Amino acid sequence: MSDAEMEIFGVAAPYLRKSERERIAAQNMPFDAKTAVFVPDPKQEYVKGRIRSQDGSSVTVETEDSKIVTVHLDDIRPMNPPKFDKLEDMALLTHLHEPAVLFNLKERYAIWMIYTYSGLFCVTVNPYKWLPVYNPEVVSGYRGKKRQEAPPHIFSISDSAYQYMLKDRENQSILITGESGAGKTVNTKRVIQYFATIASVGDSSKKEQLPGKMQGNLEDQIIQANPLLEAFGNAKTVRNDNSSRFGKFIRIHFGTKGKLASADIETYLLEKSRVTFQLPAERSYHIFYQIMSNKKPELIDMMLITTNPYDYPFISQGELTVLSINDTEELMATDKAIDILGFNAEEKVGIYKLTGAVMHYGNMKFKQKQREEQAEPDGTEVADKVAYLMGMNSADLLKALCYPRVKVGNEYVTKGQTPQQVNNASGALSKAVYEKLFLWMVTRINQQLDTKLPRQHFIGVLDIAGFEIFEMNSLEQMCINFTNEKLQQFFNHHMFVLEQEEYKKEGIVWEFIDFGMDLAACIELIEKPMGIFSILEEECMFPKATDGSFKNKLYDQHLGKNSIFQKPKPSKGKAEAHFSLVHYAGTVDYNLSGWLEKNKDPLNDTVVQLYQKASLKLLSQLFATYSTADADGSKRSAKKKGSSFQTVSALFRENLNKLMSNLRSTQPHFVRCIIPNETKIPGSMDHQLVLHQLRCNGVLEGIRICRKGFPSRILYGDFRQRYRILNARAIPEGQFIDSKKASEKLLSSIDVDHAQYRFGYTKVFFKAGLLGLLEEMRDERLAVLMTRIQAVSRGYVTRLRLKEMSKKRESVYIIQYNIRSFMNVKNWPWMRLFFKIKPLLRSAEAEKEMQNMKEAFSRLKEEFAKSDARRKELEEKMVMLFQEKNDLYLQIQAVRLAGPPAEEWSAGPPMGTVMELAGPPAEPPTARTSVPLEVPLEVLPTP
Ligand SMILES: Nc1ncnc2c1ncn2[C@@H]1O[C@H](COP(=O)(O)OP(=O)(O)O)[C@@H](O)[C@H]1O
Ligand SMILES: [Mg+2]
């Protein structure tokens, strides 16, 4: 797009692409391809530098901050020429490697260009401040543009997905991943905003507004689902003040004409441990603090709570307020969202009551009975509140907690519990209530978003956490890493398929490797029979299994037999780990303590049964499908296939497989979010952090695959035009030769590695780096040519000047000669005489001339007088004629008025009447001649 075309983006234009002038200036920076390099740096990973000297394989480089370092030749990386400055698609970089990608992102980020492509990926760096790049004019600016036609943007990705959907009649998906705080959710919201704007049904009046159904049109409803989900599913973490603690896949369905039809949301892996535990710098789910902001005192009364979070240990282990979040405002938004989303009054009360009950759960106190292991309630006030909120009997609840009934054979016996066990059970119960409440809300939202409008295709947006490598990695990390491993495999395979298609289309013979297979080993180790998940699930069936027995089984099965499964290398200060997995993003040490318990996620069945019978309808509904050991035989067998007895990992795998098959039925688009620094400073980039993410999120992996093939490609026409200069003689002027032939001739005539390129049907393909070499050769060639042109033109100009100068020199001689001659003769008597006579000669001549002129003048004067007289005469005549004519006209008029006998007229005009005279009056003479009009216009009759 030219500068003028960029104006459609309004104030956002400079954040999307720099002006032509600035780009040209940047591309003409002085550059020496032979010495400009990136060098490794212990602190910053890579810095820019300049080669000072080379000695064998060791090179001495002066870095940008003037340090001199000596490194091995293999460790330095060449810089890309300035032609590639702040490139919009990094796959086109001729030198494709880690520092090139890093610095390209960094330089763009420094001027707030946060979106950059890397082949199939759209990479975005969190700006930590609001840029105008999401304004309405930007939305309309991207509408209908192809990816190559506009600067990189999430809207461009969205629009291509939309166009592909309409054109190919295929479902689409946009996969947004990244670390916590990298901007996944912000970008997801932008995608939804985009579709809500461009595909809005618009006319909401047509839609019937059913009572109990949501208010507003579908686009509003889709956007409204967010505040509610965020209140219950988002929390402050170290990295992100508003971190979504669940993955989501939002599908937006479109009708046949491409208008919004409906939407649904699928959620993954809500982090429920947060309900009862937070790190010091973190906070539990927003909803708790929103309610406690006391913006709606009636809620405080309803939930029987105070406004002091410290009264509730479950939610007050970390921070309680977040600077960037206004809990009072958010409470209003959540409350409004509940209404707009069509929850009825009873459901709404249920939501708040259960939220309150979860908080109270942490306050129930149990003490140990004297001389017994058994727990007993320490006061009943809290239990009364919980029971009241949940609609059950307080004594029953306490009894169920302290003396749960378990089935032994065919009989029920009560089992004693220690206070610790009771506390664990209440924690598990409150987490389960919270999770089920959340999932139920999602289901309800889906029901509301489900319109009866016909749907044709969908675009799904996946907002899910990226690869996690923490100090201590547990089952949750393995689940999320496994998900990412699968998503990466999906990407690799997709890219492989696309590349293969392109090569096939272009007729390039090349042995292609399916890079999806690279990840297969790790995926299989986790999910295949006898893999980690299956061993874990098997162990969960054994009542006697422990973490130790689980570990032993894993070791027996895999250690030493599978290179992906390793024993962690112990080192000081590192958290305890039990096994390591080699993921594509790096090797991760996992700690398997508590996996069995986490995976079984047992609930106190006796309490669950109370829930199922609770008078709070919502609660009984939440647990309706949960089958307990106590349910009677017939009911149980029916329910067993349902959600019960399903371990966490099995449920996760089921969901993940559903997601993957969903994704495989779509055409995917990939967005990678990058968190630039941990301190939320806008504009600054921490090299180490960013490189780590680029490795984990597959951007560098994508580039690695790229480099194996022929990543640079140019249409023959373009190639010929740009590089003909390298050897113009190869393509003779004047005779027709098609671009492909020309390119072939040209490439074979120049001195490059001929294995580095291939000829397709329409394009020529290059290995990474060759194009940079050609560019360099072209620059050299251009330099030679320019010098030659310069030399020739300078020579020409100088020769012109020389000619001029020699002419001047000759003139000087002539002048000199004349002056000398004059000097010689000026005192000669004859000459003097001549000087005297000369002026007279001239005046005699002038007199004669005067005489001639006088004669001519008098002749002309005479002639003029004659012709003037003649003109006057004629004019007079003319006036007379006019007068005559007007008189005649008046006469006729008079005759008419006198009027002849009627019969005479009825038979037609009397014979002999001159009809022309009765016509319109003659035109004044002025119209035809230049004779001054002397007849007054008034005298002319009007018809
Ligand atoms: N494109 C953006 N423009 C402005 N701020 C952003 C952008 N992306 C992220 N942020 C900031 O970073 C925070 C974290 O982003 P978020 O999308 O919640 O991260 P994630 O979902 O990846 O954990 C946001 O609350 C916002 O303040
Ligand atoms: Mg998020």
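The backbone N, Cα and C atoms fix where each Cβ goes, and this holds for glycine too.
Automated prediction, rather than curation, is the source of TrEMBL annotations.
Within the listed segments 222-259, 526-563, 906-943, TrEMBL records region 'Disordered' for the stretch 906-943. Checking TrEMBL for region 'Actin-binding' across the ranges 265-287, 334-356, 564-586, 656-678 points to 656-678. It is 843-891, from the ranges 10-58, 157-205, 843-891, that TrEMBL records as coiled coil. Other residues of the chain with a Cβ within 8 Å of the Cβ centroid of G178, E179, S180, G181, A182, G183, K184, T185, the ATP site, are N126, R239, N240, S243, A465, G466, C673, I675.
According to its DSSP assignment, S180 (ATP binding site) is coil. Cβ-based crowding with a 10 Å cutoff singles out G178 as the top-ranked of the binding-site residues G178, G181, G183. Of all Cβ atoms in the shown protein chains, 22 besides its own fall within 10 Å of the Cβ of T185 (ATP binding site). T185 are the binding-site residues among G178, E179, S180, G181, A182, T185 whose C-beta comes within less than 6 Å of an atom of ligand 2, given in sequence order. Each of the binding-site residues E179, S180, A182, K184 was ranked by the number of other C-beta atoms within 10 Å, and first place falls to K184. Averaged across the coiled coil (843-891), pLDDT in this predicted model comes to 92.
Broken down by DSSP into helix, strand and coil, the region 'Actin-binding' (656-678) contains 9 helix, 9 strand, 5 coil.
Taking DSSP states H, G and I as helix and E and B as strand, the domain 'Myosin N-terminal SH3-like' (32-81) has 3 helix, 30 strand, 17 coil.
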